[in-house]
Amino acid sequence: MAKGISFLSQLLQVMDDDDLKVKPALRWEDVEAGSRGDRGLPRRNSSLSIHSVRTRREVDPAIALPIQYRTLSYQISESKQVHDPKERVNAKDAATKEFSALEWHTVSTAEALRRLNTSVTEGLSDDQTIRRTKEYGRNAPSPPKSHMLQTWFGYFFKGFGSVLLVGAILVFVSWKPLGQPPSLANLALAIVLLAVFLLQAAFNAFQDWSSSRVMSSIKNMLPEDCHVIRNSTQISLPATELVPGDIVLVKAGNKLPADLRFLQVSSDAKLDRSILTGESVPLAASIDSTDDNYLETRCIGMQGTHCVSGSCTGLVVARTPIFSLFRLVHIHYQATGDRTVFGRIAALTQEPNTGLTTLEKEILYFVIIICSIMLTMITIVLFAWGFWLRRDHPDYISVPTLIVDIVSVAIAFIPEGLPIALTAGLTITANLMRKNSVLCKSLKTVETLGSVSVICSDKTGTLTQNRMTVTECTIGTHTITADEAEDELLTSTAPEIAGIVTTGVDQVRAISALCNAAEFDAATSDLPPEKRRVFGDATDQAVLRFSEKLGSVNHMRQCWTKTYELAFNSKNKFMIRTFIMSRKDCLAATLPEHEAGDFKSGDTTNSLLTIKGAPDILIGRCSSYTTNAGDTHPLDDDVRTTFENLKNEYSSQGKRCILLARKAIRQSDLSFDRNTSQFEEEVLQEAKADLTLVGLLAIVDPLRPEIRDVVQTLRGAGIRIFMVTGDYALTALAIAQDAGIVSSPSSFVHNISALPREEGSVRELSKTSYSSIVISGPELLQLNEYQWKLLTEYQEIVFARTTPEQKLRIVKEFQKSSVVAMTGDGVNDAPSLKAADVGIALGSGSDIAIEAADMVLLESFSSVVEAVEYGRVVFDNLKKVICYLLPAGSFSEFWPIMASILLGIPQILSSFLMIIICCLTDCAAATVLSYEKPEADVLLRKPRDVKKDRLVDWRLLLHAYGVIGVFQTVTSFFVSFWYLQRNGIFFDQLWFAFGKIPDGVDQDYYAEKLNVASSIYFVNLVVMQWFNLLAVRTRRWSIFQHPPAFNKRTQNLYIFPAILFALSMALLWLYIPQLHPILGTLPVPVEHWFLPFAFGSFILLFDEARKFFARKYPKGLAAKMAW
């Protein structure tokens, strides 16, 4: 111990006040071997000091830092980023200070690899991965902070909880001290209100737990894989399994799974850092440091950002370790997602999403209406009592009784069950959609789906299977199938001249292998090409498999070293790669003899430019073509026309057409170094002319088998579905016709000429002729506002050759008059997915598309039918809940109080029983209505017009108040006063009695019979609500067409427990003798249990007749008044 203290004293003497460093630090070899280096204490200007980051000296790899890795977060959040520039700057400054000690951006790529003991070609070994995973854990974010106090406060007071609590307090006050003498009934009522207050808090907590489970399960189902090199093999693994030193391959559309030090980048590699910086302009990636600030340099890719173009290879880097002075040991500090640049900034720039959704606005609108009526009624009660009853009948209603009546009116009018039913409905629907492989990132997506009227769908991977296959190959003017090309290559007897094979198939195979960003999964190398797993986009996969069938792709790529790459993008519509020769044995299979001469000379600095892309873009750049024999001939007009006709023929058959070309570039034609931007400009300039057309490939992407039925169903639901694609117009139209998106023959499909530029033009079409149109991206740029208006009225539209900007414009134009859903899976779809009212991505899509979308389809596009159906059901079920709650829960309970005040008759329904109905018996039944299944016509109706079709309109209020409410109120008054009449208390004796007991009637007898009458009123409402519950289950269909049991498609078995719960509540309060003197309740005569069944049956029969006439005469009065 003494030695330890002495050592600590010596240690402190040689330290600066604010600096503690270790020298030498550990190398990965040391850590993995379990050894520890000797630790010294360098001064302030150590290479590891945070004060020396900007002027650091060269670091010896022998003192490399032990590391801590960045982590990945694919969290789905219902929070939004703060767009306040000041907040974002503050967050960024805070992160800058925290990450100022990081120096991975200042070291060379070789040094970074050496520090982490890894290789860009081999990656980590299995042993290294296991050791690092054990030491540093999984690459997973820490859970968000829990705000328990705020959460539980919300459980108690969100919704109408505060009203219940205030009501309970007021009734308590009415009991004591205002009660003279105190009324036990008021005490019981206050206790019940408090119990209901606690009960709704518990239910809110349960609903929150339930919905959290659903959303958590949805998060866990979203894809989180990344591509990594380990053991010299490219593999795909969950991002949570990344460890420091992993080599990660990133392509356009990927989200970066950790903070990466770039080792290799393509010339067009760009990253979108807007999630961190708020700047929407993508920044070019670099392998060299461009800034001393870790957050600003472009050689670091930060977790959470997206690669929007090009490709990169990155090294998972580490965090500076923390040393403890008092423990004198190295602390392996695990940097979770919250400690990454992304986690630090994003956490500081987030706030809860406080905006109201469409459905929440509708409910607020309804609550405002109900509360306005409630306040009006309370005002009438107060004025009547204050200016009339208090003066003329001072002993009729006391202050405590007035308070209880006002509380009863308030609680009766407020639909306590509505917030619970809303949350339950959204959660139930989200869970059902999850079971159908439809993942909603937030509950608000569920409600929006019900009003979608336009779906703009991408083609590839959405309408088609994204399983592309090369079916035909055209070399010169000779067209053969893919199988024939394979046979021709195997059986070729073409002459060899000086080792040069002159067949065109060879050259097609070579360009297909070289100008291709796809890679085979080494784990499936023993399988046939068509069954092997491929990393890359669908087009590249098809071309790669085609090339592999003709010969070894790996062997071809070993012969050529890539020097430059321009990845395919939706603007250029082509891909470029340049190579220098590394081995001569493949030269014969790549170039004809006259072009291979320069390469044969041994001068490896000459380059081969390969290009692959859209024929309509590239054919004009070609000046020669390769014949089937392998010769090169000039591309004259006749041959060019032949290729144009072939392209159009392939396209009209729904096939994607790809042009392959090449160009040999002499070193003398390139004056700049390959690593400079000037070299890129020279290559692009070379690619503009004098290309040799090697061949055309026809690629088929089969239509999903269910698409035709899906399109037909959506169209029957009143939803217009359009195709938005980057494909050639003829290809897009052919597939749209095959899918049923366009029903007109090609000769009847309009083009841009059908859109007059001015209103009132002679060429203007009538609305009946707005059927089908095909329009391309360049043509969209020519449209004015009036033409856009005409275009949005078409029923069938195909948008071809569109760019991301044009897709975004399409969404915004249609949003002016419609609720728009957008489907897509690629990088170019992300902006429009984000802008759409509902963005829908496929589970197989790119990370950036999934990130931008509101909803993810895991299996197929057919799931969107269920999504739309359930979205409509949410709205329908809420209307049913409201239509059920209003008649008894507010209308029939309110009139006993108003009759008592205005007519002077006894309050025929006690305040206690009012609370039981609206807070217990009706709430349970209203909640189970959220479980109602779709009615048969839910997908036969037009989408809801969010501007006109309100959740609560005059039709619903007329039905709930003017029909059902009036009937329940009149019958309840009737049976109650009929009971009094039969027991000697006549109605004319109660009229304007204002508390006066009729002559000749005993006071106790009078009180007893009034309690029985109140219980009868209560029983009548409870039983009639059972029948109302069965009636409101459907808006248009008969109970026999939509039965509550014995039919799995329509049944809702929760209905029956809800009815039993209401019955048990009635029996509890009416048939326990000990409660009678406290609550003022009594058992009711048996006939008053059967009379409500007759009245309820009338409600059911009346509603059946209403629905029948509404269905039979859809334009009749019953249909127009149907809610």
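Placement of Cβ uses the backbone N, Cα and C atoms for every residue, glycine included.
Predicted, not measured: the structure shown is a model, and the values here were computed from it.
As annotated by TrEMBL, domain 'Cation-transporting P-type ATPase N-terminal' applies to 103-176. Taken from TrEMBL, the feature transmembrane segment covers 155-175, 187-206, 363-386, 406-428, 881-905, 911-931, 952-980, 1012-1032, 1053-1072, 1084-1102.
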* Could you check if the transmembrane segment (1084-1102) is in contact with the transmembrane segment (1012-1032), meaning 3+ Cβ pairs under 8 Å among residue pairs at least 6 apart in sequence? => yes
* Structure fact -> For the transmembrane segment (881-905), the distant same-chain contacts (Cβ-Cβ under 8 Å, at least six residues beyond its ends) come to 366, 370, 377, 380-381, 384-385, 389, 393, 396-397, 405, 408-409, 412-413, 415, 417-418, 421, 425, 914, 917-918, 922, 925-926, 929-930, 951-952, 956-957, 959-961, 964-966, 968-969, 972-973, 990-995, 1017, 1021-1022, 1024-1025, 1028-1029, 1032, 1123
* Asked: Going along the chain, which residues at least six beyond the ends of the transmembrane segment (155-175) come within the CB cut-off of under 8 Å?
  -> 182-184, 186-187, 189-190, 193-194, 196-197, 200-202, 204-205, 208, 399-401, 403-404, 406-407, 410-411, 414-416, 419-420, 919
* Structure fact -> Other same-chain positions with a Cβ less than 8 Å from the transmembrane segment (1012-1032) and lying at least 6 residues past its termini are 880, 883-884, 887-888, 892-893, 896, 907-910, 913, 916-917, 921-922, 925, 929, 964, 968, 971-973, 975-977, 979-980, 1039, 1044, 1055, 1058-1059, 1062-1063, 1065-1066, 1070, 1080-1085, 1088-1089, 1091-1093, 1095-1097, 1099-1100, 1103-1104
* **Selection from 187-206, 363-386, 1053-1072, the stretch that has most Cβ pairs under 8 A to the transmembrane segment (952-980)** => 363-386
* Asked: Taking residues 6+ outside the transmembrane segment (911-931), which of them lie with a CB under 8 Å of any CB in it?
  -> 164, 185, 188-189, 192-193, 196, 404-405, 407-408, 411-412, 414-418, 420-421, 424-425, 428, 877, 880-881, 884-885, 888-890, 893, 896, 1014-1015, 1017-1018, 1021-1022, 1025, 1029, 1032-1033, 1052, 1054-1055, 1057-1059, 1061-1062, 1065-1066, 1069, 1079-1081
* Residue numbers, six or more beyond the limits of the transmembrane segment (1053-1072), whose CB comes under 8 Å of its CB atoms -> 912-913, 916, 920-922, 924-925, 927-928, 931, 1015, 1018-1019, 1022, 1025-1026, 1029-1030, 1033, 1044-1045, 1079, 1081-1084
* Spatial neighbours of the transmembrane segment (187-206) far in sequence, C-beta under 8 Å, 6+ residues away -> 152, 154-156, 158-161, 164-165, 167-169, 171-172, 174-175, 404, 407, 411, 416, 419-420, 423, 911-912, 915-916, 919-920, 1075, 1078-1079
* Report the DSSP secondary-structure composition of the domain 'Cation-transporting P-type ATPase N-terminal' (103-176) as helix, strand and coil residue counts. => 43 helix, 1 strand, 30 coil
* Structure fact -> Here the mean pLDDT of the domain 'Cation-transporting P-type ATPase N-terminal' (103-176) is 82
